[in-house]
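Trainee: The structure's right below; bear with me while I get my questions together.
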Amino acid sequence: MLSPDAFETSQGSRRGMMGFCWSGECGNRPCWGDHYVPCCAGWVGPTVLLCIYGFCSMMRPIEPFLTEFLTGTYKNLTAEQVTRQVYPVWTYSNLVLLVPVLLVTDFLRYKPVIILQGITYVTTMLLILFGSGVHLAQLAFFCYSVAMAADVAYFSYIYTMVQPRYYQRVTSYVKGAILLGYAVGAMLAQLLVSLGGVSLGCLAFITLISVSVALLTSFLLPMPKTSLFYKGTDSAQHETSGEGTPDSEDFSIWAKSKTAAKHVGGKFRGLVLDCKECYSSMAMLFYCIWSATGTCGFYQVSAYIQLFWLHIQPGNFTAYNGGVDAFSTLTGAAASVAVGHMSLEWSVWGELVLGGFTFLVAGAIFLMDLTDNIWISYMCYSLFKTVYLQLSTICTFQIAKTLNRTRYALVFGMNSFVNTVLQSVLTAIVINSLQLGITSQSEVFILCST
């Protein structure tokens, strides 16, 4: 057993931030008090913490019944107020907030943005629980849009903490965690309401507890050691630290600021050139276009599928919307994790797999548009969601493999921005569907075309 001094010496370079090493990369690690010492060299520790955060932040039982909660006796909002004044705030605010969040994500080195996401999740639930009226509901969805804009930090963070050979595996884990959390939340809500007679207010409190646990977990995440902007700024300060003298303190401060500004400007120029280089690759461009358009279509179909089912379901029919959503999310999570362990030459077969299964997804949505049978629609939606979630995982780690490690937030953020712009356009179309004479089934047909 090593002494404390020897332990600090041997582990100082590998234990610079909180984490766990369960991957065996550290070799024969010393132990202290018969326990293995935490270390950051492995990929498992940060991945586990991020998965716990993702699971708890997405385990929101109130979501399947959120519209009923807002329009019921709890908040007394009308369906038209919720559809036209409250829900659109999320899409439009997300469009405005995405770019600022993207710009500060790498500068703050991801973790603070994840903490911000946890704080806004908690704030959203507090406003939904204790607020009243349209304006506080809109404020709640504004906070929710901040959390959604911060998703770029959640999906970019893990790539700064692990080696590229683990990208495929960790991508499947972090996506599987959020999908499992969503499925557990939906299934728990369905069981509590259908079998236990639990009120929707209790579901909202459970959701508040879950996102609060996620917030606490976010503080335990290891902090990345470097970032795009910090590297330049720190080096600039180093280079100018010895230029000033006691007699020229003002000049020294000016010189440091000017040098730092030059470094930041150089970093931005490099950012533009690197972005141009990334998108000059046809494979990269293909995956980015699919990510933006596919995610847009998925969110829009998921947002309005409940209205579509209400339109085609027969009278006196017991809806199984929550069960179908939970089942499709679970199968999607299982498919996402399975992708992480597939041995396939993705550089050769990736585009073919993505393209082929995309036609399957589009066919499922078209069939939903053509059928009036609720059960066929349920099956098509389950197929659509399962396949989409699997393809999204493939797309994510293929983009990550191609990128420079300092450009994850940029590219994922650009994809999210394009996705949000498309969502805003489609949301505006749906909101004005009465003026345009669009029916519920026609809405799904329009969304399918994305």
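A Cβ is built for glycine as well, from the same backbone N, Cα and C atoms used for every other residue.
Heads up, TrEMBL stuff is auto-annotated, nobody curated it.
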Trainee: Out of 278-301, 374-397, let me know the one TrEMBL marks transmembrane segment.
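Mentor: When 278-301, 374-397 are checked in TrEMBL, transmembrane segment belongs to 374-397.
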Trainee: Quick one: do the transmembrane segment (198-221) and the transmembrane segment (113-133) have at least 3 Cβ pairs under 8 Å, skipping pairs fewer than 6 apart in sequence?
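Mentor: Contact criterion met.
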Trainee: Cβ under 8 Å to the transmembrane segment (139-160), counting only same-chain residues 6 or more beyond its ends: which ones?
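Mentor: Same-chain contacts beyond the ends: 46-47, 50, 53-54, 86-87, 89-91, 93-94, 97-98, 101-102, 105-106, 109-111, 113-114, 116-117, 120-121, 123-124, 127-128, 131, 167, 170-171, 174, 221, 224, 396, 400, 405, 408-409, 412-413, 416.
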Trainee: Return yes if the transmembrane segment (172-192) and the transmembrane segment (374-397) have at least 3 CB pairs under 8 Å (sequence gap of 6 or more), otherwise no.
Mentor: yes
Trainee: With the transmembrane segment (409-431) as the reference, which stretch in 89-108, 113-133, 374-397 has the largest tally of C-beta pairs below 8 Å?
Mentor: 89-108
